Amino acid sequence: MTDADSAHHTADSAHHTADSASMKAESAKAAKKRRRREPPPDPEPLPGLVDAHTHLAACGGRDADSVRAILDHAERVGVGQVVTVADDMIDARWALDAAHCDDRAFAAVALHPTHAGELDDAARAELEQMAADPRVVAIGETGLDYYWPGKSESAAAPEVQKDAFAWHIDLAKRIGKPLMIHNREADHDLLDILAAEGSPDAVVMHCFSGDLTVARECIDRGYFLSFAGTVTFANAAELREAAHLVPDGQILVETDAPFLTPHPYRGQPNQSYCLPYSARLLADVRRTDEHAMAQTLGDNARRVYRLSLQ
Ligand SMILES: [Zn+2]
Ligand SMILES: [Zn+2]
């Protein structure tokens, strides 16, 4: 995994209280390290959910058995289907394999904005071919990431990202599948490019992270706002306000696993089975019954990705 893949949405900005006794600090540190490797406990089942964005390969699902184990676990807590998303070409092949070997997995393919420099003729041809596969339900994740350029040498420069983004927008329109957007610290350029190129019929703002102005603009344009574990974080009051604003027909929930594990398990390994934690938070924020919320979230994912048709 490259550094551009780790915590690619939200830098972990949790502040830790300094321990007064240094001896105590060492054992607390060891305990914390242990906890970070420990998977969160299973949530109470919440039926009807779809994980709208995960990375099965990065969660350890790289063959039929490991993919099945992850999806069996998710299904036990009510997450019946997942969309597994590619970052690069190797990942895209893995995503497609997973979608072909287990009918609960669907794929999204694209080059992640940080990998935009890899979009050569061969990659274009292969992505076009993959995009036409019935198990591929979206073009993504594509978009703009202004956080990593300058921090990671391997991350594509903004100008390179813009060209690749425009190409992916065009592909989504030609192939008639939803566009799944990654946006990190690039709100303005991202919305401008979408407006200039013309949005595809369905646009999903994955791991929505914008402020209320951006949320309103996306809602007005008819985009889907997909909320990840970040919406449960202690410092995410504005994100929860955005989650409150979204009309019932435009809200999705995702894990973005293995990243962004929901509170109070932040920093521990994330998988699709952790989705009910975020779904329950959304029900709470929107003052809705959790079962009704899960049905709405699942129905929206099944509708936008046309899962029943595959
Ligand atoms: Zn992303
Ligand atoms: Zn992702």
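The backbone N, Cα and C atoms fix where each Cβ goes, glycine too.
Quick look at what TrEMBL lists:
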COMPBIAS  1-18  compositional bias 'Basic and acidic residues'
REGION    1-50  region 'Disordered'
BINDING   HIS53, HIS55, GLU141, ASP256  divalent metal cation 1 binding site
BINDING   HIS182, HIS206  divalent metal cation 2 binding site
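Feature map: annotations from TrEMBL on the structure.
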residue	record	DSSP (3 states)
HIS53	divalent metal cation 1 binding site	strand
GLU141	divalent metal cation 1 binding site	strand
HIS182	divalent metal cation 2 binding site	strand
HIS206	divalent metal cation 2 binding site	coil
ASP256	divalent metal cation 1 binding site	coil
* With HIS182 (divalent metal cation 2 binding site) as the reference Cα, tell me which of the binding-site residues HIS53, GLU141, ASP256 is the closest one. => GLU141
* Asked: Taking the mean position of the Cβ atoms of HIS53, HIS55, GLU141, ASP256 as the divalent metal cation 1 site, which residues outside that list, in the same chain, have a Cβ no more than 8 Å away, listed in sequence order?
  -> THR54, VAL85, GLY140, HIS182, HIS206, CYS207, GLU254, THR255, ALA257, PHE259
* To do: Starting from the Cβ of HIS206 (divalent metal cation 2 binding site), draw a 10 Å sphere and report how many other Cβ atoms land inside it.
  => 28
* Asked: Can you list which of these binding-site residues (HIS53, HIS55, GLU141, HIS182) have a Cβ closer than 6 Å to ligand 1?
  -> GLU141, HIS182
